[in-house]
Amino acid sequence: MDLRELVSALNDFASLSLAESWDNVGLLVEPSPPHTVNTLFLTNDLTEEVMEEAVQKKADLVLSYHPPIFTPLKRVTWKTWKERLVVRALEHRMGIYSPHTAYDAIPHGVNDWLTKGLGACTSVPLRPSTAPSYPAEGTHRVEFCTDNTEHLDTVLSKIKNIQEISCLTTLPARVEGEEQTRVSLNCSQKALLEVVALLSQNSLLYHKTEILLLQKPLLPHTGMGRLCTLSEPVSLSDIIARIKSHLQLPHIRLAMGMGKTLESPVKKAALCAGSGSSILKGTEADLYLTGEMSHHDVLDAVANGISVVLCEHSNTERGFLSELRDKLASHLHYKINIIVSEKDRDPLQVA
């Protein structure tokens with residue numbers, strides 16, 4: 001499959017518009033075209049050890065969940081490990097693509113995979129994603145009424161000459177017992193200033209004007225983090241056992257909520273893969289599940305009676321890769337070989 005065709009398919013699988021604004025997602029390293037991809041290599045972190053594995057397995061494109069290029073590179077030399085990743089990728093004609101937080105947000109992504117460790121439950125995003133565009137053109141809607149048809153024709157003629165106006169409609173309306181005409185239009189922020197200036201020249205129209213800020217619609221089941229309601233409450237100790245089994249971890253870190261014990265029931269759990277403090281903070285739940293949190297955020301949760309389970313950053317993400325392999329294989333109609341790294345692992349171990 002051609003690299004650009006594959007990148008387009010990957011973007012269809014998870015729109016990059018869902019990624020956080022601070023993130024660096026998409027195609028990060030591109031060999032000179034044409035570039036055919038026969039083998040797609042999946043990893044959570046692209047380390048030098050993982051890069052060597054990708055080279056040995058003759059990968060044509062590495063999909064690294066975490067972007068190996070995050071802060072700008074001022075040079076590409078052999079001096080630092082991230083620069084060396086770029087050098088090796090280009091030497092071996094290997095592309096690098098990163099989806100990161102776009103995969104956190106999608107309904108079939110990392111956070112939904114993490115919820116499976118809790119058992120039977122229903123979940124909703126903690127911070128829902130909005131659609132990338134407005135339901136119609138423009139950012140604002142302007143509406144006003146008038147009973148002066150002749151004057152209205154003059155105003156409408158001038159409005160039509162303003163750039164970035166859309167959805168202009170006129171409908172008969174009855175206002176306070178009088179037959180009038182209601183005008184509705186969508187416009188950009190820039191056009192809004194011109195429309196208001198035009199209407200303000202006629203005080204009657206201006207005083208009857210309503211300006212609405214259009215909102216991008218929320219996307220169902222899409223967004224950062226998840227608030228999970230278990231079908232049946234279970235003890236904290238049982239939840240911990242389920243999480244360890246799902247993530248295949250012998251150990252987790254636990255901060256017990258104030259007044260709670262291992263037998264305390266858990267009905268609601270808030271989770272966020274990776275580093276979830278900013279998403280979880282302030283959520284009412286019996287349990288927070290994430291990879292890492294700051295010391296003071298843990299103290300705040302505990303003081304509010306919320307137990308915290310920490311599993312280390314990438315341990316809450318890596319297991320998704322096996323599921324991703326199957327999903328992408330189907331999405332790409334089994335046209336390419338997809339393999340998961342065997343060298344990728346969390347850098348932190350229990351000593």
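First residue shown is number 1, and so on along the chain.
Cβ coordinates come from backbone N, Cα and C, glycine included.
Summarising the annotation, TrEMBL assigns divalent metal cation binding site to His66, Asp104, His313, Glu317.
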Report task. Check each residue in the chain of His313 (divalent metal cation binding site) that is at least six apart in sequence and keep those whose C-beta is under 8 Å from its C-beta; list them in sequence order. Result -> Gly274, Ser275, Gly291, Glu292, Asp346
Query raised in the report: Taking Asp104, Glu317 as the binding-site residues to compare, which has the smallest set of other Cβ atoms within 10 Å?
Result: Glu317
Query - Distant-in-sequence Cβ neighbours of His66 (divalent metal cation binding site), under 8 Å, six or more positions away - result: Asn44, Asp45, Leu46, Ser98, His100, Ser314
Query - Cβ-based neighbourhood (8 Å from the centroid) of the divalent metal cation site, residues His66, Asp104, His313, Glu317 excluded - result: Asn44, Tyr65, His100, Val110, Ala273, Gly274, Ser275, Gly291, Ser314, Thr316
